[in-house]
Amino acid sequence: MSCLQSRPKLSRSEELLRYAKSQEEIQMNLKLLGMENDRDLQFLLQGGDLLKVRSKSWKKTRYFRLMEDCKTMFRESKRTFKTSKTFLVDEISAVRMGRQSDGLRKNTEEHVESRCFSIMFKGRRKNLDLIASSEDEARQWVNSLQKILSSLNNLSTQAKTEHWIFSCLRKSDKNKDDKLSLSELKNFMLLINIEVDDDYAEMLFEKCDKSKSGYLAGEEIKHFYDLLTHREEIDVIYGEYAKTSGFMSPQNLVDFLKKEQREDATLADAHNIIQKHEPDENAKEKKLLSKDGFLMYMHHPEALVLNPDHREVYQDMDQPLNHYFISSSHNTYLMEDQLQGPSSTEAYVRALLKGCRCVELDCWDGSEGEPEIYHGYTLTSKILFKDAIKAIKEYAFKTSDYPVILSLENHCSVEQQEVMAHHMSSILGSALVTSPLGDGMPKGFPSPEELKGKFLIKGKRLNKLEEKKKLKLAKALSDMVVYCKSVHFHGFEDARQHLSFYEMSSFKENKALELAGESANAYIHHNVEKLSRIYPAGSRTNSSNYNPVPLWSAGCQVVALNFQTTCTDMDVNQGRFLINGKSGYVLKPAYMRDPASEFDPVTLTRGDWLQHKMLHIMVISGQQLPKLSKKKSSIVDPLVRVEVYGVPDDIAEEKTNAIDNNGFNPEWNENMEFNVHVPELALVRFTVEDHDSATSNEFVGQYTLPFNSLRMGYRHVPLLNKNGDVLPSAGLFVYIMVTDAN
């Protein structure tokens with residue numbers, strides 16, 4: 001029997017009822033997104049046929065549409081329902097028009113360029129390469145997907161929570177009668193990551209079943225939702241300050257802000273918060289803040305643990321380039337390991353979208369006179385140099401406007417080096433820096449601000465003597481190296497005496513860590529004048545990473561990591577560059593830019609850098625932590641680990657106890673204290689783990705940020721998954737205080 005025949009046939013009335021419910025769900029979700037009557041969304045909901053491309057010989061029609069929840073894309077084969085699949089819109093990282101992906105370039109002809117587009121996913125999931133029936137249709141798909149992606153990303157935390165809980169309620173309502181039986185309620189509790197015993201579930205059910213009908217419906221489900229999402233800790237805080245008929249007046253709110261969050265709060269701030277976050281129009285008209293409005297404010301980015309001023313570019317961007325830490329990638333073209341994994345232009349796109357400002361290109365002679373990029377003397381696949389440059393050009397300034405450094409590992413013949421120079425010149429055009437900025441001979445680096453929207457080339461450069469010797473370096477390529485000339489390192493004294501500011505060395509991680517441990521102050525002085533690039537040891541064939549913090553503490557700017565690898569070191573790297581508008585540039589502390597600096601992160605001699613602080617953190621509660629297994633019965637036992645990264649004296653960690661079987665609303669109320677001697681170099685990492693007494697704990701989510709970007713008082717901490725993407729609705733609630741230790 002076919003899949004079509006095995007499906008139960010619905011009566012006409014059942015079909016109409018199901019259709020009516022689906023339309024009701026669509027309208028509710030469109031309203032939540034603020035996209036009622038939006039033509040692009042209607043296009044996605046209707047859906048259509050697209051040609052899916054896997055290879056030159058495998059191109060098959062698939063039907064795609066947005067499902068009623070307005071957050072899930074559905075696709076199925078035209079021939080059988082067996083191959084129907086779904087993916088979340090939240091899983092999309094980018095939608096690219098044209099034959100931009102490696103797969104489309106390899107498996108399609110140029111004449112279909114205008115009809116092609118690719119859906120790129122977060123993490124290591126493969127692209128969806130698609131062909132529409134016309135250019136207009138392809139553009140409609142791309143524009144519509146980008147719009148729904150943007151709308152979902154802009155949803156408030158409260159709205160995302162409601163959206164998620166509503167979806168779980170829908171899944172639990174097995175017979176789709178808009179009612180919840182006791183067994184369906186238990187199923188719902190498991191879906192949202194909380195396990196309760198039968199007695200408690202029955203007590204909750206009976207408390208909400210006012211009609212005594214044996215199921216929950218309408219207002220009873222709303223009552224159950226209110227009981228479930230009730231947060232006692234918020235009640236206590238709100239109740240302490242809501243002194244105006246059970247509401248917060250502007251003055252009550254100012255009292256809360258000044259005592260619990262920031263001392264400089266004003267009545268104008270309070271009025272702005274009420275106007276912006278109060279959902280009840282009557283309360284808003286009376287200039288009062290309800291408990292719902294207070295919770296919405298507490299979840300807003302302006303009230304989270306990260307200083308909202310640091311979400312934008314706030315640092316001085318007019319300092320010389322070498323006075324900044326620069327987000328940097330190693331062997332950027334690799335998607336997986338260093339020996340036999342795929343190379344891809346998508347790897348460059350992903351790194352650049354994460355704010356990376358220095359990417360690496362290993363260049364080798366290719367066939368038909370076209371240079372290729374791959375990891376030499378290994379089995380990694382190859383991509384064309386020109387395709388990598390095109391991808392870099394397109395995505396270089398999507399996340400940040402500040403300069404991108406192309407670090408060339410050049411193994412090409414002179415002839416193909418000429419081709420490399422031609423491609424960079426023709427593709428990058430005037431954005432490529434080929435001569436010093438300003439008049440006369442430069443004596444130092446230009447600033448990131450002066451280099452906005454520009455590309456710098458790091459590589460070998462001929463001097464006049466070498467030109468006469470006709471070394472194996474094309475002059476056209478050599479002339480493109482202006483501010484980042486690659487040279488060997490022969491010691492700090494040799495570099496001080498013989499190297500110009502634009503001559504930079506690359507260090508293997510082990511050598512760099514040795515210098516940072518034994519000669520940190522000399523390393524800092526070296527990096528006051530010059531750039532240093534650090535790269536992973538060759539033994540890291542699995543693309544693992546190293547801890548970048550000791551290298552930053554020695555003033556190294558270009559600390560290159562394997563961006564494709566999810567790990568603690570990459571989390572810390574992204575935490576360092578979370579601030580300053582995610583520009584990929586973070587200004588080094590003043591004592592790391594001073595030629596006479598006596599700072600040494602190892603010995604910590606006295607100086608301006610020594611600002612001994614005590615960090616007090618109370619981990620209060622967690623919200624909507626994700627399930628780690630698709631099994632309904634798999635519920636997390638969460639604990640919170642807090643770590644401080646920085647100079648050796650500041651490295652520390654503490655953890656809470658584990659809470660059994662509750663990932664929905666666990667409460668800890670546990671205190672921690674940390675000594676922080678050099679705040680400007682310290683980072684704080686919050687990690688949630690699923691406790692397992694038999695094996696190692698499993699990662700649930702994390703958030704890392706610079707110590708000096710912490711906000712004081714009651715704060716929500718968002719959580720990121722292992723790929724560095726936000727976990728919708730999930731977070732921690734904490735209280736933070738920093739005091740002088742002296």
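Just so you know, glycine gets a Cβ as well, placed from its N, Cα and C.
So that you can see what the record holds, here are the features copied from TrEMBL:
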type	residues	note
DOMAIN	160-195	domain 'EF-hand'
CARBOHYD	SER211	O-linked glycosylation site
DOMAIN	477-593	domain 'PI-PLC Y-box'
BINDING	ASP690, ASP692	Ca(2+) 5 binding site
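For ASP690 (Ca(2+) 5 binding site), applying a Cβ distance below 8 Å and a minimum sequence separation of six or more within one chain yields LEU628, VAL636, ASP637, PRO638, ASN697, GLU698, PHE699, VAL700. Around the Cβ of ASP692 (Ca(2+) 5 binding site), the number of neighbouring Cβ atoms within 10 Å comes to 12.
With helix defined as DSSP H, G or I and strand as E or B, the domain 'PI-PLC Y-box' (477-593) counts 49 helix, 20 strand, 48 coil.
On its own chain, SER211 (O-linked glycosylation site) has ALA217, GLU220 as residues at least 6 apart in sequence with a Cβ closer than 8 Å to its own Cβ.
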